[in-house]
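Engineer: First the structure, which I've put down as structure tokens, then a few questions once you've had a look.
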Amino acid sequence: MGSGDAENGKKIFVQKCAQCHTYEVGGKHKVGPNLGGVVGRKCGTAAGYKYTDANIKKGVTWTEGNLDEYLKDPKKYIPGTKMVFAGLKKAEERADLIAFLKSNK
């Protein structure tokens, strides 16, 4: 996976993620959990958010690599997730979005 463009990643977040997620560290949850500081956080552990058992049991710590895999096809990576988003098929868009999420600490 190449290094992404965080500015473009922010645009992708606003277009495709912001309906269900916030990204400011410590921000409120929406339909989905707040994603501020998600890189390096264990899956299913954002305080105050009710995750599915599938997300909790996955037990991974989010890295660039597994976020890329998840964002490509969320329901394949975590069967039983309640995330309805179909995924980002373009590797460049995933790299940009991950660069944006990493920049948000």
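Positions of Cβ are set from backbone N, Cα and C atoms, glycine also.
Look at Swiss-Prot and you will find Cys17, Cys20, His21, Met83 tagged as heme c binding site.
Quick one: where do these features end up spatially?
Structural biologist: The DSSP secondary structure for His21 (heme c binding site) is coil.
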Engineer: Please work out the number of neighbouring Cβ atoms within 10 Å of the Cβ of Met83 (heme c binding site), leaving out its own Cβ.
Structural biologist: 19
Engineer: For the binding-site residues listed here (Cys17, Cys20), tell me which residue's CB has the most neighbouring CB atoms inside 10 Å.
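Structural biologist: Output for this query is Cys17.
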